[in-house]
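Working notes, structure below.
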Amino acid sequence: MGERKVLNKYYPPDFDPAKLPRARRPKNQQIKVRMMLPMSIRCNTCGNYIYKGTKFNSRKEDVIGETYLGIQIFRFYFKCTKCSAELTMKTDPQNSDYVVESGATRNFEPWRAEDEEADGLKRKRESEEMGDAMKSLENRTLDSKREMDILAALDEMKSMKSRHATVTVDEMLVALQRTSDDKEKRLEEEDEALIKSVVFHNSNDYVRRVRDEDIEEEEEVAQLSNGHVGTSSSSPKRQKPSKEPPGKATDALTKVSLDESGKQGNSHGGSAKPNPLVRISVIKKPVASDPKGAAEPEQKKTVDSNANSTGGLQSLCQSYGSDGDDSDQ
């Protein structure tokens, strides 16, 4: 198998290369070469995209009359991989790149646009500094200031990195655990404070609302315990009404009539309060010339009013005696 891959040929001892005939080739002869596509392009005929790094066979020739600083420019012919249309490109030694000449268009490359912009700024700066020494001095000052800022930022980053390098992974974990424990403890304290702030009915700090009826009941209990019971007319406070319902409908009327009779007996000539259940109508009469005659109708009027008030009560209460009331009057 080794004889199939012979790299060195046998030259006899009497071989003279000067005796070999020279082949005369044309000046612009095309040479077949295999190469890789240096950029991504799109075919104008079929719209097919051919990406960078695609291998294909091409024909190379010299571009007559085009050089850059003595460097020869070459042209390459190759075909589209889909429609077999012929595409051409040539070298660009000025920018160390290739230029698509015909049959295709180059795809947009953002880094290439940035490089072109940087080159444009550089050329513009060189043209400005060409005949102006002050402008060149200003540009150099700005460049030195920019470099100093960059060095300061680098030093700060280095110092920060050195500080962080002193902290180990275990210390970082311990610090994180400590912060989490402190947070949990603070939350527990807040919960306990909230629970303590709530006042329950069975706690000592609970403030109960006191009503007027409760105060009156306590005063009455205290008076009964001391043996000093005040009458209803002497105590200015209200008494709590009894909750026991009466046995009969006529019991309330009998009680009111008895209270009225007792008040009239204890008043000793004072004016008795009228019963709210009895209506009294007063009719004014013309005053006579005789003073004695004027006094008699007034006395008769009072007697009639008292008689009417007691008459309604006597009909309801048969057990009540009207003799005592007539004698009192």
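Yeah, the Cβs are placed from backbone N, Cα and C, and that goes for glycine too.
Because TrEMBL annotations are produced automatically, they should be read as predictions rather than curated entries.
Quick look at what TrEMBL annotates:
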BINDING   Cys43, Cys46, Cys80, Cys83  Zn(2+) binding site
COMPBIAS  293-303  compositional bias 'Basic and acidic residues'
COMPBIAS  304-320  compositional bias 'Polar residues'
REGION    211-329  region 'Disordered'
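Feature annotations (TrEMBL) mapped to structure.
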{"residue": "Cys43", "record": "Zn(2+) binding site", "Cβ neighbours (10 Å)": "20"}
{"residue": "Cys46", "record": "Zn(2+) binding site", "Cβ neighbours (10 Å)": "12"}
{"residue": "Cys80", "record": "Zn(2+) binding site", "Cβ neighbours (10 Å)": "20"}
{"residue": "Cys83", "record": "Zn(2+) binding site", "Cβ neighbours (10 Å)": "11"}
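Other residues of the same chain near the Zn(2+) site, with their Cβ within 8 Å of the Cβ centroid of Cys43, Cys46, Cys80, Cys83, are Asn44, Thr45, Gly47, Asn48, Thr81, Lys82, Ser84, Ala85.
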